[in-house]
Amino acid sequence: MEKGVSFLVTVALMALASSFASASDPSPLQDTCVAIDEPKNAVFVNGKFCKNPNLTVAEDFFYKGLNIPGNTSNRVGSDVTTVNVDVIPGLNTLGISLVRIDYAPYGQNPPHTHPRATEILTVLEGTLLVGFVTSNPQNRLISKVLNKGDVFVFPIGLIHFQFNIGHTNAVAIGGLSSQNPGVITIANAVFGSNPPINPDFLATAFQLDKKVVEFLQARF
């Protein structure tokens, strides 16, 4: 009986460990797995075909231009320059990526989530109000004003934001724990879905007048 219980406990722990492991990118089993589009004589790993490791070159692990400011002339006053596996093929299987975020004065990176990554943000210039909201039912806002050199972490999957509360431009660098973290901007997803979500449903869900919902859907 004890052996049977021990076996069940072992299985349960293995299943639990497996669930934790699947929450992030898997560990690589070789030095490099540079992503390529041509599948001939290649291996399919992490959603990408891998180049023969003997053929990898420095350019596979290189990106130039992160010093160039993004164009913040848009409705939200920010621009995100993404450096993920689609930009640096050598990131494939390595489980990391980064972004540069430029903010105009009072610009914002609207509420969004990264479904596959935790983010660690470092402010290079300016002053940002940042925060994230915990899951239901608490929905606690964890928020902080960041200045140059400050660092803040946004846990995986949680809605978070950044807002430039200064009078000058701001710049931040974000590191993410996935080669392809993904991003879901809440307003775009809800009010800009294709095809549109039924406005009657959204009016009830958000406790808004249907005309307000239709106005928002027209903007996104």
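Note that Cβ sites are derived from N, Cα and C of the backbone, with glycine treated the same way.
According to TrEMBL, the protein has these features:
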SIGNAL    1-23  signal peptide
DISULFID  CYS33-CYS50  disulfide bond
DOMAIN    64-214  domain 'Cupin type-1'
BINDING   ASN109, HIS114, GLU119  oxalate binding site
BINDING   HIS112, HIS114, GLU119, HIS160  Mn(2+) binding site
- Message: I'd like the Cβ neighbour count for CYS50 (disulfide bond), meaning other Cβ atoms within 10 Å of its Cβ, all protein chains included.
- Response: 22
- Message: Using the alpha carbons only, what distance in Å do you get between CYS33 (disulfide bond) and HIS112 (Mn(2+) binding site) once rounded?
- Response: 30
- Let me know how many other Cβ atoms fall within 10 Å of the Cβ of HIS114 (oxalate binding site). 24
- Query: How many Å lie between the Cα of HIS114 (oxalate binding site) and the Cα of HIS160 (Mn(2+) binding site)?
  - Reply: 9
- If you skip the near sequence neighbours and keep only those at least six away, which residues in the chain come within under 8 angstroms of HIS160 (Mn(2+) binding site), Cβ to Cβ? PRO111, HIS112, THR113, GLU119, VAL130, GLY131, PHE132, VAL133, PHE154
- Query: So for CYS33 (disulfide bond), how many other CB atoms are inside 10 Å of its CB?
  - Reply: 24
- Query: Distance between CYS50 (disulfide bond) and ASN109 (oxalate binding site) at the Cα atoms, whole Å?
  - Reply: 34
- Task: State the count of C-beta atoms found within 10 angstroms of the C-beta of GLU119 (oxalate binding site), not counting that atom itself.
- Result: 24
- Query: Within 8 Å of the Cβ centroid of the oxalate site residues ASN109, HIS114, GLU119, which other residues of the same chain have their Cβ?
  - Reply: VAL99, HIS112, THR113, ALA117, LEU121, PHE154, HIS160, GLY174, LEU176, PRO181, VAL183
- Identify all same-chain residues not among HIS112, HIS114, GLU119, HIS160 whose C-beta atom falls within 8 angstroms of the centroid of the Mn(2+) site's C-beta atoms; report them in sequence order. THR113, ALA117, PHE132, PHE154, LEU158, ILE159, PRO181, VAL183
- Message: As a test of reading the model: what is the averaged pLDDT for the domain 'Cupin type-1' (64-214)?
- Response: 97
